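What Swiss-Prot records for this protein:
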| type | residues | note |
| --- | --- | --- |
| DISULFID | Cys439-Cys469 | disulfide bond |
| DISULFID | Cys445-Cys465 | disulfide bond |
| DISULFID | Cys454-Cys486 | disulfide bond |
| DOMAIN | 433-488 | domain 'Kazal-like' |
| CARBOHYD | Asn52 | N-linked glycosylation site |
| CARBOHYD | Asn124 | N-linked glycosylation site |
| CARBOHYD | Asn135 | N-linked glycosylation site |
| CARBOHYD | Asn492 | N-linked glycosylation site |
| MOD_RES | Ser634 | phosphoserine |
| REGION | 276-295 | region 'Disordered' |
| REGION | 647-670 | region 'Disordered' |
| TOPO_DOM | 1-20 | topological domain 'Cytoplasmic' |
| TOPO_DOM | 41-59 | topological domain 'Extracellular' |
| TOPO_DOM | 81-86 | topological domain 'Cytoplasmic' |
| TOPO_DOM | 112-155 | topological domain 'Extracellular' |
| TOPO_DOM | 185-203 | topological domain 'Cytoplasmic' |
| TOPO_DOM | 225-242 | topological domain 'Extracellular' |
| TOPO_DOM | 268-311 | topological domain 'Cytoplasmic' |
| TOPO_DOM | 334-353 | topological domain 'Extracellular' |
| TOPO_DOM | 378-381 | topological domain 'Cytoplasmic' |
| TOPO_DOM | 406-513 | topological domain 'Extracellular' |
| TOPO_DOM | 537-545 | topological domain 'Cytoplasmic' |
| TOPO_DOM | 572-605 | topological domain 'Extracellular' |
| TOPO_DOM | 624-670 | topological domain 'Cytoplasmic' |
| TRANSMEM | 21-40 | transmembrane segment |
| TRANSMEM | 60-80 | transmembrane segment |
| TRANSMEM | 87-111 | transmembrane segment |
| TRANSMEM | 156-184 | transmembrane segment |
| TRANSMEM | 204-224 | transmembrane segment |
| TRANSMEM | 243-267 | transmembrane segment |
| TRANSMEM | 312-333 | transmembrane segment |
| TRANSMEM | 354-377 | transmembrane segment |
| TRANSMEM | 382-405 | transmembrane segment |
| TRANSMEM | 514-536 | transmembrane segment |
| TRANSMEM | 546-571 | transmembrane segment |
| TRANSMEM | 606-623 | transmembrane segment |
Amino acid sequence: MGEPEKRAGTHGIRCFAKIKVFLLALTWAYASKALSATYMNSMLTQIERRFNISTSIVGLINGSFEVGNLLLIIFVSYFGRKRHRPIMIGIGCAVMGLGCFIISLPHFLMGRYEYETTISPTSNLSSNSFLCMENRTQTLKPTQDPAECVKEMKSLMWIYVLVGNIIRGIGETPIMPLGISYIEDFAKSENSPFYIGILEVGKITGPIAAIWLGSFCATIYVDMGSVNTDDLTITPTDTRCVGAWWIGFLVCAGLNILISIPFFFFPKTFPKEGPEDMANETKNDEGDKHREKAKEEKRGITKDFFLFMKSLSCNPIYMLCVLTSVLQVNGFVSIFTFKPKYLEHHYGKSSSEAIFLMGLYTLPSVCVGYLISGFIMKKFKITLKKAAFISYCLGMSECLLSLCNFMLTCDNVPIAGLTTSYEGIQQSFDMENTVLADCNTRCSCLTKTWDPVCGDNGLAYITPCLAGCEKSVGSGINMVLQDCSCIQSSGNSSAVLGLCNKGPDCANKLQYFLIITVFCSFFYSLSLIPGYMIFLRCMKSEEKSLGIGLQAFCMRILGGILAPIYFGVLIDRTCLHWGTQKCGEPGACRTYEINSFRSIYLGLPAALRGSSYLPAFFILRLMRKFQFPGDINSPVTDHVEMMLTEKESEHTDVHRSPQVENDGELKTKL
């Protein structure tokens, strides 16, 4: 071929042959994948209610994303480095879009959402069967043969969400390992921390948009346009209320496909940033091709794979970094996945408010932390040892500060027969709760239905019938229940739909909880960039793509997949009252024992994150005991430039054994 054709094949379209343009596109891809992931997490409670499933199944759905990622992560990370990385990233974005579309499909296949209730939307006499009446048996509407529960197609529609999430995970696989290795290969070493900081900001701007989108969709009723919302008998804070969860997934699908387009125009390789490399651009391109061909002829791709795996496994700092990451991910996934649920049940917020607060008080501080951390690493040229120490101290500070949340507790909502007696005396979670009392035994009430009402006496009751209410006035959510025999001792005997509101003291504690969340998020994000640079610099240059992928593999199989499942199982154990499907089988949990829920939600992640600082401590010890190449006080960027220079000399001699230690690479032994 002629020289022009050769250069065109190497550098592609001129406007795309710049590392900063690729960085911009990759930042958008990071934002898009983070948008999809965060929106999925914000909608887990909505999905749980829509499909009437337990929290453990929701955890399985959430972990299915990691299953899809796990299927390909190591092979994509290693073999993808030897292929056209931008095109593989573009294909991944398009596959993510397909997965998001599949997740939204059940809405169009299931029909309207029918929540569990005995209450009729109007108060006419012919529809008052949900009230306390002697010699009449209540029924849950509509009823169905329990044997049909398994056969009902709609009961298994959550599998579409599971499969779509797996496909979304497959699509995300190439973005991080191939994108970061691409930047590491062609960016100036001194710019690398700053570029990674920009990518991390992209990972935050996506969630910010997702929080806004999730909060907006949660305010819209799931079947908007096809039902009269004035006839609904559930309030926004009701645990049966479901928002338009499917809209956001359609938005994510379109955005992922749109963002995939630019990656098909980037070249396979870039000229290295810097004037000295630009001058020798053609020479370096030819040298890279020659060296790659020589390596493949001598050892082969598969042999390299196992040699790199062995090298990484014998690198103690790398292995300790992976262990630290696994423990950190277990704690982070547990906190982030169920944070909306915690805000709803512990502080009495609606789904929309919980999603909005989670984003408002978490994401901006994380974004600022990433930017400041990346800027400091670039500006002051932090050494490897200082970076490790800074990361450790900031992480420990965040972990200790988060323990203050244990003091910001709210009490259980007083629910007669569950958390309190009918006389208002608080009951223990371990006690056998009895929802029937002398005031409602004559009413022949259903005991498994969830239709909560709040009485004038400040107590909530599971249904109007169990409150002993005999009359109703009004319609929809404005309905008022009167002549309630279980409330009469307070002087009034009326009730309104929904649980009673949390007190002002609980609202104040929520504000302190959110303020602590801001500082914890900021400290945690400050610690990530220095810690991640230690992780990147402890590997040989040619091992980075595989090393990143192997770390992601471990984090997903030991954290991303398992954490939401076992965490969901533990949360289910704190459930006080399960919902009921139309066929009578248990559905989603309607209310939790708050003290037990809080202990699991805050305690388990604190234990996991706290234990992660033990291997981190050994990393500090190893870095102090062993000498790094060159001056031990040299900055991270100088260290990387040395690695790149010596990597070049290594490639010049293709017969050199991979077992030989390179003077410019980190080699430590326990």
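Just so it is clear, glycine is given a Cβ too, placed from its N, Cα and C backbone atoms.
Cys486 (disulfide bond) falls outside any helix or strand according to DSSP and counts as coil. Of all Cβ atoms in the shown protein chains, 25 besides its own fall within 10 Å of the Cβ of Cys486 (disulfide bond).
Distance between Cα atoms for Cys465 (disulfide bond) and Cys439 (disulfide bond): 10 Å, as a whole number.
Spatial neighbours are here defined as Cα atoms within 10 angstroms of one another, and by that definition the neighbours of Cys469 (disulfide bond) among the recorded positions Asn52, Cys445, Cys486 are Cys486. If you take the CA of Cys439 (disulfide bond) and look 10 A around it, the recorded positions you hit from Asn52, Cys445, Cys454, Cys486 are Cys486. In the topological domain 'Extracellular' (334-353), helix, strand and coil residues by DSSP number 16 helix, 0 strand, 4 coil. Most Cβ pairs under 8 A with the transmembrane segment (87-111) among the ranges 60-80, 156-184, 243-267, 382-405, 546-571 are made by 156-184. A distance of 13 Å separates the Cα atom of Cys486 (disulfide bond) from that of Cys445 (disulfide bond). Annotation for Cys454 (disulfide bond): same-chain Cβ neighbours under 8 Å, separated by at least 6 residues, are Ala460, Ala495, Val496, Leu497, Gly498, Leu499, Cys500, Asn501.
Note on the transmembrane segment (243-267): residues 9-13, 16-17, 21-22, 25, 28-29, 32-33, 35-36, 39, 43, 46-47, 50, 86-87, 89-94, 96-98, 100-101, 103-104, 106-108, 164, 171, 210, 213-214, 217-222, 224, 351-352 of its chain, located 6 or more positions outside it, place their CB under 8 angstroms from a CB of the stretch. One residue stands out among the disulfide-bonded residues Cys439, Cys445, Cys469 for having the most other Cβ atoms within 10 Å of its Cβ: Cys469. Rounded to a whole value, the Cα-Cα separation of Cys445 (disulfide bond) and Asn52 (N-linked glycosylation site) is 22 Å. Applying DSSP to the topological domain 'Extracellular' (406-513) sorts its residues as follows: 21 helix, 18 strand, 69 coil. Cys465 (disulfide bond) is surrounded by 29 other CB atoms, counting those within 10 A of its CB over all protein chains shown. Same-chain residues lying 6 or more positions outside the topological domain 'Extracellular' (225-242) and placing a CB less than 8 Å from one of its CB atoms are 46, 49-50, 112-113, 115-117, 119, 121, 219, 344-345, 348-352, 450-452, 475-477, 479, 497-499, 579, 588-591.
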